[in-house]
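Record features (Swiss-Prot):
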ACT_SITE  His413  active site, proton acceptor
BINDING   Lys8, Ala72, Asp277, Thr285, His413  FAD binding site
BINDING   Tyr56, Arg293  glutathione binding site
BINDING   Ala137, Ile140, Glu143, Arg160, Arg166, Gly236, Leu283, Val316  NADP(+) binding site
Amino acid sequence: VNVGCVPKKVMWNTAVHSEFIHDHVDYGFQNCKSKFNWHVIKEKRDAYVSRLNNIYQNNLTKSHIEVIHGYATFRDGPQPTAEVNGKKFTAPHILIATGGVPTVPHENQIPGASLGITSDGFFQLEDLPSRSVIVGAGYIAVEIAGILSALGSKTSLMIRHDKVLRSFDSLISSNCTEELENAGGVEVLTVKKFSQVKEVKKTSSGLELHVVTALPGRKPTVTTIPDVDCLLWAIGRDPNSKGLNLNKLGIQTDDKGHILVDEFQNTNVKGVYAVGDVCGKALLTPVAIAAGRKLAHRLFEGKEDSRLDYDNIPTVVFSHPPIGTVGLTEDEAVHKYGKDNVKIYSTAFTPMYHAVTTRKTKCVMKMVCANKEEKVVGIHMQGIGCDEMLQGFAVAVKMGATKADFDNRVAIHPTSSEELVTLR
């Protein structure tokens, strides 16, 4: 709520407004130039977050739940014990839901790395940076680069390989990279491929970045990016498990510190559970909420088999345009079912919104089907409205719908979503 999906969506909505302003003239509106005021949206965004926090606090109070502010750490004892502010607490059930934290390079890896900020720091910016450099190729990097550039910050996205979102389906990875590069026509955005920041220095005019670019088959080159107002690391997230003294209870973790749990969110210590990003699986707020709810049903309502099914969890990337994806990628489906048992349906088109606009974005869609019955095991799309249209299609995938089920629906015309029920 504070530094995650809620304020991010507010900023994405703001960036979308900026994009639409560029299209107003094409739709017949004159004199639509408008100066963006960062302070106005920051104040409104922060007030919205504050209202939500008050609502959550009121709900906790009404439910007679005591909130203790502080940092918990586990202590030795005959039963699992947590200490907060010098006071010890124990209970038959202890849940660890501490989430994750942004990864920041060590100073011995990249001198001056601490001069940069993370996605948490993005929400503390008091002004729109004039010059921004985002390091990373995941969804957080893509989203923040899109927001800043759309709002007028000259932005560079630094990626180590040739594409962003490389864990997504190849269609999405390629198209999103292409859309980012094409965005330079409206926003001020460049994608620097095969590039890494090697050193950061503070100067009188901002930050100075020393960048190494190593294109395949070519000798690495070193360049300097001066006058950077905002260097943002979006290179991954670490589990927020340091300082918990998990070893005091013998709670098992992986090499990165993620807490190991079974399908019912149990750790290896009886009465201690973990959900959410601290477990390192499906790092999404709704996943943590759903897993916590299922755990509560099991522990307090006697539903012994209550657990979250982690298959076919839908997710959206608030890029420009947005991405929606659920299920297996094409490569994952081939690995699971075999190449001969996988059939792909795909399409690419220009959304009707752009029929009269100079600015263009594409909409791409892919349906991954498996076996003779052509069960739909994956849907991947990027385009205007894909963020909102995914939820319903995700229900169909979860229910085991086939390609024939999609074909038997009457299309809603004219929409982009109709393409998924008319694929050939």
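Backbone N, Cα and C atoms are what each Cβ position is placed from, and that goes for glycine too.
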Cβ neighbours within 10 Å, counted over all protein chains: which one of the recorded positions Lys8, Arg160, Arg166, Arg293, His413 has the most? Lys8
Cβ neighbours of Tyr56 (glutathione binding site) where a neighbour is any other Cβ within 10 Å: 12
Pairwise Cα distance for Arg166 (NADP(+) binding site)/Asp277 (FAD binding site) [Å, integer]: 20
Determine, from DSSP, whether Ala72 (FAD binding site) sits in helix, strand or coil. strand
Here are the binding-site residues: Glu143, Asp277. Which has the lowest count of other Cβ atoms within 10 Å? Asp277
Can you give the largest Cα to Cα distance in Å, as a whole number, for the residues Ala137, Ile140, Glu143, Arg160, Arg166, Gly236, Leu283, Val316 that bind NADP(+) in the record? 23
Can you tell me how far the Cα of Ala72 (FAD binding site) sits from the Cα of Tyr56 (glutathione binding site), in Å? 21
